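As recorded in TrEMBL, the features of this protein are as follows:
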type     : residues : note
TRANSMEM : 127-151  : transmembrane segment
TRANSMEM : 158-178  : transmembrane segment
TRANSMEM : 184-204  : transmembrane segment
TRANSMEM : 216-234  : transmembrane segment
TRANSMEM : 240-260  : transmembrane segment
TRANSMEM : 272-290  : transmembrane segment
TRANSMEM : 310-329  : transmembrane segment
TRANSMEM : 341-358  : transmembrane segment
Amino acid sequence: MASSIILAAANKSLLAAPSQCHSFSLCPRRPPPLHSHSSPSKPFLHLHSLSLTSLHRRLIPVPALDSDVPHPLDQGSTLKVKNNSRKEEWDFWTAKFSAGANVPFLLLQMPQILLNAKNLISGNKTALLAVPWLGMLTGLLGNLSLLSYFAKKRETEVIVVQTLGVVSIYVVIAQLAMAEAMPLPYFMVTSVVVATGLLLNFLNYFGMLNAGIWRFWEDFITVCGLSVLPQVMWSTFVPYIPNSILPGVISFVTAVAAVVMARIGKLSEKGVKFVGAISGWTATLLFMWMPVSQMWTNFLNPDNIKGLSAFSMLLAMIGNGLMIPRALFIRDFMWFTGSTWAAVFYGYGNILCMYYFNSISGKFLLAATASLVSWIEVSLPYRHGSMERHCSLWIQLTS
């Protein structure tokens, strides 16, 4: 989801050669160079004007279907925004908040990895059967899809978060395979997909990948994500509904047809854009479904809630909450939706359920509530402004 405040290098990115800096997120965030008190030359004034314009490009709202489209800073904009120095500060700090999400997310998975290693060393392979490999595989697919999404947007800090998620979940899956809790053929296929995905995302991030290969990878994760999501949603309510693979099969056929039609030019421009956004949204919806599934389980089996870790839920709330400011700053509706939903419903929602069933104290709930409310308030740009400013922000974000 820092040292002293460092202003974003908008002037630096404009003065640098194109080969030295391809996107804002790859440029070092350093303060602009100091100049003498003499009157600046006209070329410098022109560059300074361009730097302000390019910085303000970040503040243009991004429609939901355009969430997966990169929005570099070097495009022009007519949007006029005051308090430029404050925007530069927010660019620096929101990036640092996103990078800071690595800590809670790493701590979130580490206890499970250490426990699995302890059981493997002691020869207690049966204990690893308690970890559902299918659920871990679903989370891995979600992280891999979001890694591709953010790699295309050049959001360096979140790329690290998603890469860490992919690697940590893969370690757990490897432990399950070692304990024979996961079928070996599935593990081999998963290993190939993970290695390929990490390599392709790395090459694409640094501009060393052929566009056709990247499109094929995007089509692959689109089909996988759209096939898994309805099946996971259906399986949540079994046995109250029949156990069936029909939702997954139908969605798989639909996804393949949509991708093929998009590639052969049978869809409109808006339809092609919609298909291109599916992979990111399916990954987001998979993570958004996690609290729904967990709360449904809590409702059916209240006694099982004692098996939940309040500390883990707090880490989930903190990790996702740390990424909300960056999503708001770059106007990424999909990222904002997923992070806010996970922080409020998965992290805080489960904490609320644990309090309702007397698993945690009122002081723990109060501390979590105060932290979440305070952080959401701090996350809002123009937080010292009027109510009209807040309303305007939400209107722009959802437009």
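The backbone N, Cα and C atoms fix where each Cβ goes, glycine too.
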Stretch of maximal Cβ-Cβ contact with the transmembrane segment (158-178) [cut-off: under 8 Å; candidates 184-204, 216-234, 272-290]: 184-204
Interface present between the transmembrane segment (127-151) and the transmembrane segment (216-234) (three or more C-beta pairs under 8 A): yes
Contacting positions for the transmembrane segment (272-290) when only residues 6+ beyond its ends and CB under 8 Å are counted: 64-68, 138-139, 141-143, 145-146, 148-149, 218, 221-222, 225-226, 228-229, 232-233, 236, 255, 258-259, 262, 334-335, 337-338, 341-342, 345-346
